[in-house]
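Listed features, source TrEMBL:
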COMPBIAS  A:1-13  compositional bias 'Basic and acidic residues'
DOMAIN    A:39-557  domain 'Cytochrome oxidase subunit I profile'
REGION    A:1-26  region 'Disordered'
TRANSMEM  A:112-133  transmembrane segment
TRANSMEM  A:189-213  transmembrane segment
TRANSMEM  A:225-247  transmembrane segment
TRANSMEM  A:313-333  transmembrane segment
TRANSMEM  A:382-404  transmembrane segment
TRANSMEM  A:452-471  transmembrane segment
TRANSMEM  A:630-650  transmembrane segment
TRANSMEM  A:683-709  transmembrane segment
TRANSMEM  A:721-741  transmembrane segment
TRANSMEM  A:753-777  transmembrane segment
TRANSMEM  A:789-812  transmembrane segment
TRANSMEM  A:833-852  transmembrane segment
Amino acid sequence: MTDRHHSDPEVPRPEGPYPPTEAMLSEPVPEALQAEQRRQLAAAWDAPKGWRYWTAVNNSEVGVWYALTAFFFMLCAGVMALMIRVQLAVPENDLISADLFNQLFTMHGSGMMFLFAVPMFEAISILMLPGLLGARDMPFPRLSAYGFWCFVIGGVFVLGAILFNAAPKAGWFMYPPLATEEEGVGSDIWLLGLSFIEVASIAAAVELIVGTLKCRPPGMRVNTMPLYAWYVMVVGGMILFAFPPLIAGDFLFELQRSFDWPFFDPARGGDPMLWQHLFWIFGHPEVYIVFLPSIAIAAMVVPTVAQRPIFGYSWIVLSAVGTGFISFGLWVHHMFTTGLPALSLGFFSAASEAVVIPTGIQLFCFVATLIAGRVKMTPPMLWIAGALAVFTTGGLTGVMVAVAPFDFQAHDGYFIVAHLHYVLFGGMVFPVIGGIYYFFPFIAKKQLSARLSRWSFWLIFSGTNICYFPMHLTGLTGMPRRIYTYPDGLGWGWLNMISTLGAFAIAAGFLVFAYDLLRPKGGQGQVARNPWNAGTLEWTHDIPEAKWGVRSIPFVRSRYPLWDEPKLVERMDAGRYYLPDSPEQKRETLITSVIDARPIQVQEVTGPTWVTLWAAGFTGGAFIFPTFHWYGPAMVSAAFAVVTILYWLWTSTARPPRHEMREAGLGLRLPTYASGPAAVGWWAVWITMLGDATGFASVVFGFFFYWTASDFPPAGSPLAAGWPAAGAALAYLASWGLTLGARMLNRGERSGAAMACLALAPLLAVLGAGALILSVLHLEPASHVYPAILWAIMVWCVTHTIPGVIMQLYCLAGILFGKLRPRHDADLWNSTLFWHFLLLTALVSAAVIGLAPRLL
Amino acid sequence: MTDDATDDAPRHQEEQKAFAEEADSLLAITIAPLIWCAHFLVCYCGVAIYCAKWQQAFSLGVLRAGLIGATVLALAGIALIGWFAFRRWDVRTSGDWVHERGISEDRHRFLGHAAFLLALISFIAVCYVTLPLIFIGSCA
């Protein structure tokens, strides 16, 4: 250990030449050195064998598991759709009971959206992004693995419920009062199971945003990064603002289901409309969260088949970012018939029409690229062409239903079913399958069959149109959604029969695709390294497969480096570029700056472990046990989850490095440790907390929503105690100040004083939480929505105090045991950042609880 | 900002400046859509609260006029952002619409171009959202 460094207040910074000159790049690497470097890398990135295979955290393993699991859930939800279609094929059918039918359509929708569409984006991004960026792995491999295991547990729990006839049956959007009043555990399974999966989505969003911003290869500036990365960044940001409102809604909903707090019960001042708002503030951006990353695949495939750079790169960035924003102004178009003021409907109708502009622009860019290039109808391109056709059809009916008066007629009918399936097939299913055909040689080092692709494509393409086109007519002739049967003589029978036939054609196409995907391909021989002659970095992958990701991390100067720099692959293979070795046989990747991708740090990344499985299992218990009102086991499980996660963090993250600097190749020496804004971990906390703050804002929105909707607070009702609320604000402020002070004192090498601060701060935090509880303790949350929402805000704040206190104690222990040092203080920076947000939460909570009811 | 292709050497104290500097310039392209967002929220919340609580207090015409005033402000703000972005893009002197080279100059112009396009779409979207304020005159 070099003591000189960690007592040195000067933070080490990159040393040596950058960017590399052509002379440096053309200097050969000796053969013996290359062999030794390969040996080191292979040892560092070796995949675990035997039953330890499941401890892998590498993006190439986790990504494949993730994708296959999502595909499996999709097949399950698809079988449910077939059952629905069989039931509806003829009038007055009694094959399936009304109750089972309700479960089927609820689980079909929930499964497709939560267990297939969004996770498939996460899976493909985890799988592909490091390759696209020439990175070794994502910055937080264990977080990906944890997210994946959470997803598996939650998915099996939610989807498995239907086997026990216990599945939710109130529709995939769980509208109260139907869903709040529903007997049995169905609604609870939906709320808790899917909240649990949303945690995995947010974990993936954090991973993907940080990966895109900080793990690009040197030289890959924002104007040269693959468009897929732009889309991933936008979608990651959207997840942060879209999912938390739903989590907040789930939180309120479950409080009503479990404790009878009347958030959605009009008899006690509640309002079912709040759920609709929170659900669709999530639900509409969700559509674009599903669509954008899929169309991003098209943005990768199209230049390759056209053999020319994408036309209108800036315009596509505009499309992605613009759609990301405007899609948040659309949610009420799902609520056009709920009696909101006409003027309000007008705003959302206008925004729904406006979003067509950026959505359309990217499609025009693709078409322009294809027109300008020499297109070969390869299997991926066939699917992308199908996607453009089907999506455009769905988009046109979208323009129709965005017009409120038309929607009044079409609402809750089969016209909407037709519209949404066209959009999702064209906007997600087709491009994703095209992407699988395109990326398969990268993922599996094998080729899929062109002949089976054609079979599968034409079955699914014709099936989509045969199944969904008649639904426009069934809808226009008045057939409502979610009815398990219908009388003869309304003219719906033959249309439904055609739809059912189409559904089976789709299913047949999927069977062909699944067979092609899973059939043994041992006899195929070695696949070409760059079979489509693409220009982007993922096609520098090693054949046969090497686990290290890239042999050396290239210096990139253009959007299509493989087309523009003929010597790139040869130099990468020789280890001419960055991080060509791993002398300590550690897993490492390069961290670069956000805008211009200048190399700034070598980051050690974590390796195989069981701890992520344990953590996911215990987290699962904490979410799943409350479904059955087993609160004791849930608490125990949550406590174990905390302990496992703490063990994981303590043993493998932000530990002081053995060497402060590392030779990164081409004469560049880079620091190996970073804290604060320079550290990827700090960015991850920042991004997570942005999402968390959105969730809290949604709960507070609830308070003001009730204020607009009714007599609130009701005349004569007791107010929260003002002084304890004010005291709570002060205590949180003091605890935050001490945490911040500890960080500064620690930097100034005054470890003793820092420890004193960190010992006192948790006490004040607990005091603050206690005072906040005290301020609402005399109110009866089940009596009316006014005390209930105050209690909910209190519970939210107090629950967040628990990790706040744990972090303070964690840092205290860190200083005590030498994990956290004056300059190796990443944990303290991250904790302080968390506390900035917690302080904000506490001050807003205190103000809303103690002050707002007195002022309104 | 220099136009030099070799201005890429690591800068002094890059780590500390990283967040502020870099996040700022990437977030800068989102200012125009954020203005759209703020305008949208003001319109939606204003109308929602008015129709629920304040119908007795003053006429809807007053609110509509106020919100159209907000539109004018928003459009002015977006136009200003768009103008700065247009100058940053600098297409009139460079003639560059593609910005595909891995040098600072292209990245600089690209961010200008993207910000300009986003200002354009935000401008159109604000106009769209204003249309109901002009044409619809009641809470019903």
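Note that Cβ sites are derived from N, Cα and C of the backbone, with glycine treated the same way.
Of the candidate ranges A:452-471, A:683-709, A:789-812, A:789-812 contributes the most Cβ pairs within a distance under 8 Å of the transmembrane segment (A:630-650).
For the transmembrane segment (A:753-777), the list of distant contacts is 720-722, 724-725, 727-732, 734-735, 738-739, 741-743, 745-746, 787, 790-791, 794, 797-798, 801, 804-805, 808-809, 811-812, 815-816, 842, 845-846, 849-850: same-chain residues at least six beyond its ends, Cβ to Cβ under 8 Å. For the domain 'Cytochrome oxidase subunit I profile' (A:39-557), the model's pLDDT averages out at 94. Outside the transmembrane segment (A:721-741), and at least 6 residues removed from its termini, the chain residues within Cβ reach (under 8 Å) are 754, 757-758, 760-762, 764-765, 767-769, 771-772, 774-776, 778, 804, 808, 831-832, 835-836, 838-839, 842-843, 845-847, 849-851, 854. Sequence-distant neighbours of the transmembrane segment (A:833-852) (same chain, 6+ residues past either end, Cβ-Cβ under 8 Å): 682, 685-686, 689, 692-693, 696, 700, 703, 720-722, 724-726, 728-729, 732-733, 735-736, 739-740, 768, 772, 775-776, 790, 793-794, 796-797, 800-801, 803-804, 807.
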